[in-house]
Amino acid sequence: MTWFTPDVIDAIIAVVKAIVVLLAVVVCGALLSFIERRLLGWWQDRYGPNRVGPFGMFQIAADMLKMFFKEDWTPPFADKVIFTLAPVVAMSALLIAFAVIPITPTWGVADLNIGLLFFFAMAGLSVYAVLFAGWSSNNKFALLGSLRASAQTVSYEVFMGLALMGIVVQVGSFNMRDIVEYQAQNLWFIIPQFFGFCTFFIAGVAVTHRHPFDQPEAEQELADGYHIEYAGMKWGMFFVGEYIGIILISALLVTLFFGGWHGPFDILPSLAFFWFALKTAFFIMLFILLRASIPRPRYDQVMDFSWKFCLPLTLINLLVTAAIVLLNTPAGSVQ
């Protein structure tokens, strides 16, 4: 009797895939900080980081060494357990959310029938990390930043979910692979669900606290917000987690609205990973371009925009989509 039964082999393959995806996402998140600084320098007609190594390519290594050797300081007035737990929860929730994203027809950590719901569960968990960080720091700026962040995230997650319900109504499934295959047989959802795409993208920028929705950590107002008391590797986990969030939202946009691993007009279907990576990189660049080009609105304007514009738009989009699907459904199949 051998231990290497088909079930054991499948489990080993699943673990290896999970480790590879985990390492790739963390490395890409770290590299993205350097890429962002170089792109911002290029777009703003100035030099980016160019001192460490040729063309500044080793800047990320220098930053990692500096962060690794910094004192891992915990304020004496902080709640030490929750203070330490907050960055771990923040980064873990984002990494676990990648489990349901199908990268190619054969690559993906988990093929869940409730893939979209799993993503929203992990997104909701990240709110607790922000609250933990702000409250446990025992700092008024950190607490105010965490309250801003939690209110903003909860507000935008409401219509982030509603923006995707039009897709669920059309496909009839929460499974990510089913959504990708549906787009391969029909139009990419960027066309029939254009308003859903716009609102989901806006919500994605807001829940990752990226510019112009970075009020929770606005340096001019809150002195870096809810991670003002963090240093060393704890701060680094929040920092890299922000870029991992950008990659996650970009990958979701590609999966849900741009055909996933399929190329336009099914060009070169054998290059599934290339198409997925290319489209994801485009949206990552768009995130960075927003930081370089759009001013930051006031916090009350951000909240008004969420509840008074985006929420009604997503509800109208969902109602219209449901009506069209119902009218196109044969009478005998309606239960």
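Quick reminder: no glycine exception, Cβ is built from N, Cα and C everywhere.
Annotated in Swiss-Prot:
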- 12-32: transmembrane segment (TRANSMEM)
- 81-101: transmembrane segment (TRANSMEM)
- 114-134: transmembrane segment (TRANSMEM)
- 154-174: transmembrane segment (TRANSMEM)
- 187-207: transmembrane segment (TRANSMEM)
- 238-258: transmembrane segment (TRANSMEM)
- 270-290: transmembrane segment (TRANSMEM)
- 307-327: transmembrane segment (TRANSMEM)
Short question: which residues 6 or more past the ends of the transmembrane segment (187-207) have a Cβ under 8 Å from it?
123, 126, 152-153, 155-157, 159-160, 162-164, 166-167, 170, 179, 213, 245, 249, 252-253, 256-259, 287, 290, 302, 306, 310, 313-314, 316-317, 321
Between the transmembrane segment (238-258) and the transmembrane segment (12-32), are there three or more CB pairs that fall under 8 A, provided the residues in each pair are separated by 6 or more in sequence?
yes
May I ask whether the transmembrane segment (270-290) has at least three C-beta pairs under 8 Å with the transmembrane segment (154-174), counting pairs 6 or more apart in sequence?
no
Give the nonlocal contacts of the transmembrane segment (307-327) in its own chain as ranges (CB under 8 Å, at least six residues past its ends).
155-156, 158-159, 162-163, 165-166, 169-170, 192-193, 195-196, 199, 202-203, 334
Sequence-remote partners of the transmembrane segment (270-290) [C-beta within less than 8 Å, at least six residues beyond its ends]:
32, 35-36, 39-40, 43, 103-105, 107, 205, 208, 210-212, 246-247, 249-251, 253-254, 258-263
For the transmembrane segment (238-258), distant same-chain residues with Cβ under 8 A (at least six beyond the ends):
25-26, 28-30, 32-33, 36, 87, 90-91, 94-95, 97-98, 101-103, 119, 126, 133, 164, 167, 176, 179-180, 188-190, 193, 196-197, 200-201, 204-205, 207-210, 227, 230, 276, 279-284, 287
Determine which residues of the chain contact the transmembrane segment (114-134) at the Cβ level, with the cut-off under 8 Å and only residues 6 or more beyond its ends counted.
82-83, 85-87, 89-90, 93-94, 96-97, 99-100, 142-147, 149-150, 153-154, 157, 160-161, 164, 168, 174-177, 207, 216, 225-227, 230, 238, 245, 252
